[in-house]
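One structure is given below, encoded as structure tokens.
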Amino acid sequence: MTQENEIKRPPQDPINHLKNSDKGNKVSLALETVTTTAEKVQRQPVIAHLIRAAERFNDRLGNQFGAAITYFSFLSMIPILMVSFAAAGFILASHPMLLQNIFDKILQNISDPTLAATLKNTINTAVQQRTTVGLVGLAVALYSGINWTGNLREAIRAQSRDVWERSPQDQEKFWVKYLRDFISLIGLLIALIVTLSITSVAGSAQQMIITALHLNSIEWLKPTWRLIGLAISIFANYLLFFWIFWRLPRHRPRKKALIRGTLLAAIGFEVIKIVMTYTLPSLMKSPSGAAFGSVLGLMAFFYFFARLTLFCAAWIATAEYKDDPRMPGKTQR
């Protein structure tokens, strides 16, 4: 191409140039509008608080701690199953007729004689070795429970303390740590028993009232009873999480933050239970779900519980409320 041809080449169409310029201006204006709107939303106190909690949860390895708690929770189920196995052995040993009925049911429902003989031998072993299995299960359950409580405590402390690094105050003697975790485990078990008792007694009392007053046939009252049962369950969850967030961290949380964060955890935990209640039955319908569904469901439940607990701990720690005193008790930073 010669210089003459370059000079004669027509210039760019001015109309297309204006159109491209208008498109660029519109895109820039749209991006600026989106950015401004996002900044306004982020400045809202609730949204800003959620962002701070999410950042702390991620920066302080909330997902990794949640996975570790899930592992130790699932591992702790083994000694619990051993104790249950021993308890079943004691019941069968004191009720020979019940044991014989179980053997008869096995022979009636299992056509394979080898499998039937294996199950009978397993049951006989449970009856004969019930004391040994029970004592070993209790010892292992106590040890794993103390370690589980210690891991949960450290994970919550990691989200709660002002700085990520552990201070010299966090270094405890071996026996002090285990004694503290043992006391926390007992307290957690008591809190769990209280919450389960409240849910069970309230549900039974509600059913007795409905039956005594002959309210079963009134359709419009059924949603009301469901809401009452849901409120009772959330209240029981609230008591459990209140104890966890108040007693496990090294320093006492602030009052308003603790109350609101515990309510958030209680509602979230109830949502998890409802979702698991409706999801697991459909999962168990498939052959693979029947084989692994209960195990996967239990692991998912533990994982969601751990993540919810740690996120709410981060939410409580990052709360910024005016005139919010700390809960009573010794505070160590």
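Cβ coordinates are placed from backbone N, Cα and C, and glycine is handled just like the others.
Database features, via TrEMBL:
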COMPBIAS  1-11  compositional bias 'Basic and acidic residues'
REGION    1-20  region 'Disordered'
TRANSMEM  68-93  transmembrane segment
TRANSMEM  182-205  transmembrane segment
TRANSMEM  225-246  transmembrane segment
TRANSMEM  258-278  transmembrane segment
TRANSMEM  290-317  transmembrane segment
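The list of residues near the transmembrane segment (258-278) in space but at least 6 beyond its ends in sequence, with Cβ under 8 angstroms from a Cβ of it, reads 230, 233-235, 237-238, 240-242, 245-246, 297, 300-301, 304-305, 308-309, 312-313, 315-316, 319, 327.
Among the listed stretches 68-93, 182-205, 225-246, the one sharing the most Cβ pairs under 8 Å with the transmembrane segment (290-317) is 68-93. Non-local neighbours of the transmembrane segment (182-205) in the same chain are 145-146, 148-149, 153, 229, 232-233, 235-237, 239-240, 243-244, 247-248; each lies 6+ residues outside the stretch with a CB under 8 Å from one of its CB atoms.
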